[in-house]
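A quick write-up on the structure given underneath.
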Amino acid sequence: MVSAVSRQLVNRQLNRVLLRNARIAPFARATRFYSSKYAQESENAKRHKMGLLIAGVAVAGAIVFVTPPQWKKYFRAAKKVEEVAESKEDPVSEAAEEVSESVQESTEEPQQSQEKETADVGNEQAQDESASSGDSEAKKAHDEFADQNEASEKESAPMGESADADQTAKDETVAEKTGNSKSESSESDQSEQDILSSDLEETMETVSEADKELHQISDNTVLSSEEDKTPKAEELKSTSPSGNDEEPKKEDDSSKTIHSLNSEKDMEAVEEEVKQESAYNPDTGEINWDCPCLGGMAHGPCGEEFKAAFSCFVYSEAEPKGIDCVEKFQHMQDCFRRYPEHYAEQLADPADDENVDHEKNLSEGKDTGVDSTPPKDEAYLKTEKEKKIEENASPDEDTASKKD
């Protein structure tokens, strides 16, 4: 029973709550709808007001800044017309003002004429007085000016003497300074000329040394090629028996012709080798920078400076030869001094180089003061006799060839 009653009570309370909610729900919805509607209307109104404000500002700006000058003039003229119309609204008052002005002018004219006459008389008197006073003042000023001139002349006499003395002293000092500057400039010029002359002498010495080295290299190559070939011929002749003098003349003639042909071929080969080994080819006018006679200086760190100096010396047409290449040789020497590890031989003293070359030539038998020929033993004397016999027999061979 208790549970049933409690259930009924609970159900009643739930029904009441549901009824209340059902009654309140439409009002809540309506309030929500109306509140949202009013909010939207207020926002639309704000937007509308802002749009009107922006449009007004734009129109005002267009009127002020964008309107053409003719319209502005028109507006100004309209304003002036309005102002004139406002000022001329009372014609009666204007007529009264004009009449009063004419009366005043008529009354003021005789007064003005009298005032002018009195003013003219006063002006004439004042002019007379001012003229008399001006003459007296001019006389006084003239007298004062004359007195001042006399005083200034008296004072300027001793001052002029002192000024002349000062000027003469200044002139003397200026002359001394100019003389000192000229002497200093002349001394500096002489020192520069001495330095340049010494540099020219050094460069000329280097040029001559380079030329000598080139000639020595070419001579050494020729001598070495000849020495390489002459020992072979001497060995062949030395191996021949001692009874060569008793051989018939035909064998001598044939050996002579063979020897002459070989000598001509040897000379041609030597000339070709010299041409190949020389750096400058006069036929083509080109310089072989890969020539071993240059010692690889054209490809070192100072290769460009060496090429410039060497080509200038080769193609130089000045007298003496290479005088116009002094600066380039100086640049080359400066570059050599910067790289002593690569150009130690070129930077050594020329006297030491000459001594070294002399010792080498002595060791190889190439010195000019020592004969490079082997000692004159019996075999060598025999070969000389054979050469004499061949030379004596050469005219007979020429005649025989002509007859054939």
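Each residue, glycine too, has its Cβ placed from N, Cα and C.
Listed in Swiss-Prot:
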- 1-34: transit peptide (TRANSIT)
- 35-50: topological domain 'Mitochondrial matrix' (TOPO_DOM)
- 51-71: transmembrane segment (TRANSMEM)
- 84-287: region 'Disordered' (REGION)
- 101-113: compositional bias 'Low complexity' (COMPBIAS)
- 124-135: compositional bias 'Polar residues' (COMPBIAS)
- 136-156: compositional bias 'Basic and acidic residues' (COMPBIAS)
- 226-237: compositional bias 'Basic and acidic residues' (COMPBIAS)
- 246-276: compositional bias 'Basic and acidic residues' (COMPBIAS)
- C291-C293: disulfide bond (DISULFID)
- 299-343: domain 'CHCH' (DOMAIN)
- C302-C335: disulfide bond (DISULFID)
- C312-C325: disulfide bond (DISULFID)
- 346-404: region 'Disordered' (REGION)
- 357-391: compositional bias 'Basic and acidic residues' (COMPBIAS)
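Positions of the features from Swiss-Prot, shown on the structure.
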residue: C291; record: disulfide bond; Cβ neighbours (10 Å): 17
residue: C293; record: disulfide bond; Cβ neighbours (10 Å): 16
residue: C302; record: disulfide bond; Cβ neighbours (10 Å): 23
residue: C312; record: disulfide bond; Cβ neighbours (10 Å): 18
residue: C325; record: disulfide bond; Cβ neighbours (10 Å): 22
residue: C335; record: disulfide bond; Cβ neighbours (10 Å): 19
Round to a whole number and give the Cα-to-Cα distance in Å for the pair C302 (disulfide bond) and C325 (disulfide bond).
16
How many whole Å apart are the CA atoms of C293 (disulfide bond) and C325 (disulfide bond)?
21
Whole-number Å value for how far C335 (disulfide bond) lies from C312 (disulfide bond) (Cα to Cα):
17
If I take the alpha carbons of C325 (disulfide bond) and C291 (disulfide bond), what is the distance between them in whole Å?
22
From the Cα of C335 (disulfide bond) across to the Cα of C291 (disulfide bond), what is the distance in angstrom?
21
Secondary structure composition of the domain 'CHCH' (299-343) [DSSP: H/G/I, E/B, coil]:
29 helix, 0 strand, 16 coil
Model confidence over the topological domain 'Mitochondrial matrix' (35-50) (mean pLDDT, whole number):
74
